Amino acid sequence: MFFEIALIGTTASGKTYIANTLAREFDAVVLSLDSLCVYKEINIASAKPSQDDLASIKYFGVNLLSVNEHFNVELFIREYQKAKEFALARNLPLIIVGGTGFYLKTMIDGLSEKTLESKSSLNNDEIYTLLLNIDPNYKIEKNDTYRLKKWLGIYEQTREIPSEFLKRTQKTGVLKDIEIYELSWDKEILKKRIQTRTKEMLDNGLLDEAKILFSKFDHKLKALNSIGLKECKEYLDGEISFKELENLITIHTTQLAKRQRTFNKKFQSKALEFDKALAILRMKFSIEK
């Protein structure tokens, strides 16, 4: 029987493990909402599902683009529509999973009218200062270059307060009344999980993946400045030691987890402790099916 749920949580919270386990047991379709898993060439830095997982589970939202190709949330909306059509036609459950909460939020709330990203030479600090003066209710992290440029683009092209423009032009979302489950962890335990995952990524060839990526593509590309790869670039350039590389990836990933936890408060979700999550969701899937 078709039904859909969203599974959210911070990086290293075990979302993919839970989703894959349920997908295998209940023949579910999985839509990944991850800003790095879309890239064909990034496998370790993205913590992408394994080749075995991708071969045995019907996945959408993975391995869609090359690193030098640009995408936005509309890509995930199209992938959702494909995934839902596939699941509906076969009467299968659909699991939406991923750490990029912004994409899920947009799919629920709807897109606003298109505007171009600003080509201004202003840096993040300058745009952020402008935002605080003009549109203090619009919440963007100071280091979120894409959304800051998008905000400035709206202001430049419309001369409206961007938060008001977005509200006025917003369209209906594609996701309605979806149950959202959030995996929860004690902060210190999650930090240890992040440390362990960082070590595993390095042991599994993260540096080799980074070398190949930086030899083939412009290091200024957004995807190559993601956590895990930007630190590898510093190490490969001789700017930091291997120990510093491991520590920096862990620190930056922990900071990301904190931002994700804050963003996820925007959702009306049901908190699930990781150790109990699988049993609770198995029961739900059994009842729905």
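Placed from the backbone N, Cα and C atoms, the Cβ positions cover glycine too.
Residues or ranges marked as ATP binding site by Swiss-Prot on the basis of sequence analysis: Gly9, Thr10, Thr11, Ala12, Ser13, Gly14, Lys15, Thr16. Other Cβ atoms within 10 Å of the Cβ of Ser13 (ATP binding site) number 24 in total over all chains. Under DSSP, Ser13 (ATP binding site) is assigned to coil, being neither helix nor strand in the three-state scheme.
The annotation substrate binding site is assigned in Swiss-Prot to Thr11, Ala12, Ser13, Gly14, Lys15, Thr16 on the grounds of sequence analysis. For Lys15 (ATP binding site), the count of additional Cβ atoms within 10 Å of its Cβ stands at 25 [all protein chains shown].
Long-range contacts of the region 'Interaction with substrate tRNA' (34-37) within the same chain: residues 45-46, 48-49, 61-63, 98-100, 103, 223, 226, each at least 6 residues beyond the stretch ends and with a Cβ under 8 Å from a Cβ of the stretch. What Swiss-Prot records for 34-37 is region 'Interaction with substrate tRNA'.
Neighbour density for Thr100 (site 'Interaction with substrate tRNA'): within 10 A of its CB lie 19 other CB atoms from the protein chains shown. Per Swiss-Prot, site 'Interaction with substrate tRNA' is recorded for Thr100, and the stated evidence type is sequence analysis.
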Task: Please work out the helix, strand and coil residue numbers for the region 'Interaction with substrate tRNA' (34-37) from the DSSP assignment.
output: 0 helix, 0 strand, 4 coil
Field: CB within-chain contacts under 8 A for Gly9 (ATP binding site), separation at least 6
entry: Lys15, Gly99, Glu182, Leu183, Ser184, Trp185, Gln260, Asn264
Field: Residue, out of the binding-site residues Thr11, Thr16, whose Cβ gathers the largest set of other Cβ atoms within 10 Å
entry: Thr16
- line: Other than Thr11, Ala12, Ser13, Gly14, Lys15, Thr16, the chain contributes near substrate (Cβ within 8 Å of their centroid) the residues Gly9, Thr10, Tyr17, Ala47, Gly99, Leu183
